[in-house]
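S.K.: According to TrEMBL, the protein carries these features:
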{"type": "BINDING", "residues": "His263, Asp265, His323", "note": "Fe cation binding site"}
{"type": "COMPBIAS", "residues": "1-25", "note": "compositional bias 'Polar residues'"}
{"type": "DOMAIN", "residues": "245-355", "note": "domain 'Fe2OG dioxygenase'"}
{"type": "REGION", "residues": "1-60", "note": "region 'Disordered'"}
Amino acid sequence: MEYRTNQCASLTSKANRYSSEQRASGQRGHRGGYRNQGGLSNQNAQYWKPKSPKDCETPLSYGDTTSIGSVRPHSAVSLPGHVQYALGKDISCFDICRVEKKGPVKLNSSLFRKNRERRNELAKSCPQIKELRPGMILLKSFISEANQVEIVKRCRTLGVGVGGFYQPGYSDGRKLRLQMMCLGKNWEPQTRLYTDIRSIDGAKPPSIPNMFRTLVEEAIQASHVYYEAKHPKIHSVEEILPRMSPDLCIVNFYTDSGKLGLHQDRDESPESIEKALPIVSFSIGDSADFEYSENRDVDSAASIVLESGDVIIFGGKSRLIFHGVPKIHSGTAPEQLLEETNLRPGRLNLTFRQY
C-alpha cells in the first residue's frame, strides 16, 4: 500500500539523518575521523533499513510519541484522513493471491488432470442461460477462462493498493466473514450509505476497469437475446430486465470459511431501485452455494451452485430478492486459473450496480 511505502521511506530517512547527527555531535579523532562518545567509529556503523514493506507493519499508536511516525495528541499538524489512519491504526490490505516463496520444485499437474480440465472447459465452452424467476437469470460459464485470469490479476493489483481489500464490520463490532473492496463508489456497512471516500482511512475507491464494464454490457445483452427468443411477443425485453450502466462495484473475497446471510441490495438511489435496475454478479474461483428467496426465511430459499465463470443477474421483479452465500466449496476452482494467478482458496465475487 502507498502509506506503507511512505512509512518505509520515512524510517530510512530517519536512520540516515540519525547517522549524520551522530557524526556531527561526535568527537573529532585522528586523521579527521569521527568518534562517538562511546569511542566507536561511525564509519562502520550499521543502521537498520526496511527490507520490504512488511517490515513497517508494526502497529503505530496515535499520540504515542515513542512510536516512529506517530503524532502528538495536540499537534497543530493537520493530516489527511488516510495518513492519520495509517499512523493511528494497524491496517494491511488483504492479498487475494498467494505470494510465491522459494522452496521445493512445484510439480506440474498430471496429464490426466489437464485432460480432465480441458474436457470440462470444452463442455462449458457454450454458455448456458437459464431463467430462475422473472428478472433473475443465470449465465453459466459466461466468463472465459482468459477473462477470469485477467479479472483476478486486476482485482489483485487494485486490492493491494490504496482503497484495497479490508475486512469490514458493523458499529456493534461484528465483522463480516469476507474481505471487501469497492470500485467507483464506497459502500459503508455501518451506515449502509454510498460515499466518495471510505471512513476507515479516507481512501478514494479505485475506478471500475473498462474491461469489467464491457463484460457487464455483454452479459446484459446476452440476457436480452435470450428473453427475445423466449418471449417473442413482448414489446420490450427491458420490461423484464432493464438495461443498466454500472458506476459502482463491490468486490468481495470469501475464504473457504466465508459466508453471507440472506439480505437485499437496496442501498442504491431511490431512482435506481424504482427503475429496478439489475445487479450483475461475477463468480471467480471456488464454487459457492447461492440462496435466494422472496423473504428472509432460509428454509424456503431456493439454492443453486455458482461456479467460476458464472454470471447471475437480478433486476426487474427480482431486483429486491433476498440472497446469500451460505457455503464455499473448497478446492473447486479451475486448475488453470490457480496456476496462472496463485489465487488463494476461496471465491472472488464482483457485484455491479448503477447508483
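Here the Cβ of each residue, glycine as well, is placed from N, Cα and C on the backbone.
Predicted automatically and left uncurated, TrEMBL annotations should be read as such.
Note that the coordinates shown come from a computational prediction; the quantities given were computed from them, not determined experimentally.
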S.K.: Residues other than His263, Asp265, His323 within 8 Å, Cβ to Cβ centroid, of the Fe cation site?
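M.R.: Here the non-site neighbours turn out to be Leu262, Gln264, Ile321, Phe322, Gly324.
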S.K.: Please determine which of the binding-site residues listed here (His263, His323) has the lowest count of neighbouring CB atoms within 10 Å.
M.R.: His263
S.K.: Along the domain 'Fe2OG dioxygenase' (245-355), what average pLDDT does this model show?
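M.R.: That region's mean pLDDT is 97.
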S.K.: Is it possible to list how many residues within the domain 'Fe2OG dioxygenase' (245-355) are helical, extended or coil according to DSSP?
M.R.: 18 helix, 50 strand, 43 coil
S.K.: Relative to the Cβ position of Asp265 (Fe cation binding site), how many further Cβ atoms are located within 10 Å?
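M.R.: Cβ-Cβ neighbours of Asp265 (Fe cation binding site) within 10 Å number 18.
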